[in-house]
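Enquirer: Okay, here's the structure, questions in a sec.
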Amino acid sequence: MNPKLPYILLTGAAVIIFILSCMLLSRGRQSPSCDSRPHIVEKMGSTSQSLIFADLTPEEMVQVVRYLQGHLGVQLVDASLAKPSESCIASVDVQIPPKAEVLRFLDEGGARPAREALAVLYFGNQLDPNVTEYVVGPLPTPTYHRDVTVQKYGGKVPYHRRPMLGSEYEQLEVFLKTMAFAAAPTFLKEVFEYDGTNVAFQTTAPHGFHSGDRKSWFIVFQNVSGFFVHPVGLEVLVDHSSLDISQWVVSRVFYNGQYYRDMAQLESAYVQGRIRVEKVRKVPQDGEFSSMKPRAPPAALFPLQYEPQGPRYSVRNNHVLFQAWSFAFGMSGSRGLRLFDIRHKGERVAYEISVQEALSVYGSNCPGGMSTRYMDGSFGIGRYTSPLVRGVDCPYSATYLDVHYLAHSQLPRVSKNALCIFEQNLGSPLRRHYSNLQSLYYGGLVNSALVVRSIATVGNYDYVWDFIFYQSGAIEGKVQATGYPSSSFLHGDGLRYGNRVWEHTLGMIRTHSVNYKVDLDVGGVKNSLVAHDMAFEMTRAPWSMEQQIERPRLTKKVLDTEDQAAFRLQSKMPRYIYFAANSKNKWGHQRGYRIQITSFAGDHVPEASSMEKAISWARYQLAVTRRKEKEPTSTSIYNQNDPWTPTVAFADFINNETITNEDLVAWITTGFLHIPHSEDIPNTVTVGNSVGFLLRPYNYYDLDPSIYSHDGVFFTSEQDFTSCEINPVACLPKTASCLPNFPPFTYDGF
């Protein structure tokens with residue numbers, strides 16, 4: 001062997017190692033990690049001011065509970081264990097100060113309003129059981145409380161109107177399994193193979209037909225994944241109006257199209273062979289057809305979004321800053337996501353934009369389905385805000401925030417990563433033009449917007465709530481519906497009320513209506529409502545008088561009163577309707593913000609219905625009223641359980657008051673009709689189930705404010721459009737070649 005060979009091999013190996021090292025180092029230099037720091041410098045003053053709208057901290061919630069336990073002179077049990085005959089703290093939320101006080105603080109350097117909480121208490125162990133609301137303050141160390149129930153509602157809230165606690169649901173399930181079902185052991189065993197664990201219940205609401213009723217239908221399903229589409233044909237009506245649980249009784253039973261007095265009568269009829277039994281095939285625990293488990297293996301990864309130079313927005317406490325936008329955000333336990341002090345280019349355009357209510361009205365030939373009118377605010381849209389999954393519910397690199405709440409328990413609870421904020425490239429131009437006439441050029445702007453999102457899972461439905469901020473000065477409120485469709489057992493003329501989606505499953509027809517509060521302050525607090533539209537007019541061509549031309553012209557009208565500004569759901573509404581300021585733009589037009597609604601709503605419940613007034617906000621696609629502190633919300637959490645004597649009736653807000661040059665609020669209703677179909681199995685997709693509204697500048701600016709965006713692209717035929725100085729998109733191979741800083745995947749939802 002050549003004695004030099006080992007040295008040659010060693011030298012060659014060293015050269016190869018050196019080359020590979022250089023390649024790796026070079027690759028490292030070419031693809032560094034992306035910057036993850038926000039490139040926003042925020043003034044501390046604005047952050048501090050936004051805390052006036054901030055949700056309660058867990059520590060503040062604890063202090064409120066301790067104060068109430070020690071200062072009311074009443075024994076308060078933990079709501080998670082409370083019986084109807086006991087007293088407890090049902091919920092604690094922040095009490096937003098009156099608008100006038102807030103504006104004095106924000107705009108005039110006035111005193112900071114006291115920070116307070118609103119506590120809802122159930123007094124079940126009194127001679128006159130009732131629901132009482134207390135304002136408790138100042139936080140973080142409370143020293144006072146005041147009863148605001150009469151001030152808000154004109155009297156005490158009757159106890160039967162109280163939203164059901166989780167403990168009451170648990171007590172009802174125990175009653176059904178140990179008392180009600182004990183009367184029909186043979187039927188349950190032979191028909192459902194009942195073993196005490198293999199059924200699930202879904203309750204309906206409202207609970208009866210008259211004020212004071214508390215009678216709930218419980219629909220029985222197989223207890224499997226996605227149980228909402230596995231009805232077995234049995235439904236049980238329980239009268240739980242008594243505060244003494246031992247006095248609860250079964251009032252009626254329904255099975256496969258027939259009604260029975262109680263479970264004992266059903267058992268007797270079954271044993272005697274007088275029942276037509278429809279045995280439902282038992283499905284595995286994963287739900288089989290209702291399983292969300294993918295039916296295909298993973299393949300190529302879906303597209304991802306990242307921020308090559310770090311986030312272009314900042315989130316500090318409850319304050320968000322994005323380009324020309326700033327706002328404060330919060331989460332109401334009952335109503336959900338809400339925004340305050342929304343400003344564009346430093347000027348307030350809205351004081352409050354908030355979700356108010358989500359209503360669903362069902363149809364079926366089964367008792368549970370046909371009597372269901374869910375008002376989700378009573379259950380808690382914010383309380384049921386669910387933890388978000390990175391990369392699916394929101395972009396992987398979004399900012400995720402926890403939501404804290406105190407409801408149905410005396411201890412604060414947290415929903416981890418339940419709110420996300422992210423900038424999203426929508427994949428289309430916000431505006432563009434390609435010119436090949438006269439001058440040759442291209443000009444465009446990528447449509448990149450900021451999204452604030454939460455997703456509430458209220459029973460079977462998942463609502464994706466978005467507020468979106470565009471560079472053009474527009475704001476969008478949007479809700480997308482997904483989750484499982486509620487179902488009935490298919491029998492008789494069931495197909496009059498929906499589509500068959502599985503062997504024994506009827507996808508029930510239902511309407512969805514969502515109400516928003518939009519308190520616009522356009523160029524100041526005082527605004528008027530103006531409608532613009534079009535009409536065709538006939539004229540003779542001035543240059544050829546024998547010829548006729550049909551030309552559209554602009555129509556204008558100031559809507560002076562609340563009655564004129566209340567547009568019924570299916571009525572024709574002016575296509576341009578806007579809040580007008582007392583100031584004008586450069587071109588002499590009143591500065592305004594236009595309201596544009598996207599809705600596919602079904603018909604509203606007939607007004608002759610005994611419960612319609614409780615949901616009378618849904619009569620209107622848009623209603624504009626004078627803003628009043630005594631009319632903070634369009635509905636009440638107490639309307640669900642007593643819609644026949646509603647605690648808040650929105651229709652009463654509209655009383656023909658003048659709305660010219662006043663502080664105004666727009667109440668927007670949007671929605672869709674859902675007729676479930678086979679593609680709603682395993683569950684409903686968001687595509688086509690998205691509705692909402694836009695708030696758009698209308699002569700508010702002298703020109704489109706997005707022209708000042710740093711994201712604009714413009715080049716002519718005479719320029720070098722491959723130059724980074726001319727065209728920033730040409731720089732992407734350099735500026736966007738970094739490796740995203742994706743954090744490890746975690747999930748705290750279980």
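Every residue gets a Cβ built from N, Cα and C, even glycine.
For Asp376, the entry in TrEMBL reads active site, proton acceptor. Sequence annotations record features per position, and here TrEMBL assigns active site, schiff-base intermediate with substrate to Tyr461. Taken from TrEMBL, the feature domain 'Copper amine oxidase N2-terminal' covers 73-144. Per TrEMBL, domain 'Copper amine oxidase N3-terminal' is recorded for 162-257. Annotated domain 'Copper amine oxidase catalytic' per TrEMBL: 305-707, in sequence order. For Tyr461, the entry in TrEMBL reads 2',4',5'-topaquinone. Residues or ranges marked as transmembrane segment in TrEMBL: 7-26.
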Enquirer: Can you tell me how far the Cα of Asp376 (active site, proton acceptor) sits from the Cα of the residue listed as 'active site, schiff-base intermediate with substrate', in Å?
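Expert: The Cα atom of Asp376 (active site, proton acceptor) is 10 Å away from the Cα atom of the residue listed as 'active site, schiff-base intermediate with substrate'.
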Enquirer: Give the sequence-ordered list of residues that share a chain with the residue listed as 'active site, schiff-base intermediate with substrate', lie 6 or more positions from it, and have CB atoms under 8 Å from its CB.
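Expert: Listed in sequence order: Ser360, Ala481, Thr482, Gly483, Tyr484.
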Enquirer: Give the residue counts of the domain 'Copper amine oxidase N2-terminal' (73-144) per reduced DSSP state, in the order helix, strand, coil.
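Expert: Final tally across the stretch: 10 helix, 27 strand, 35 coil.
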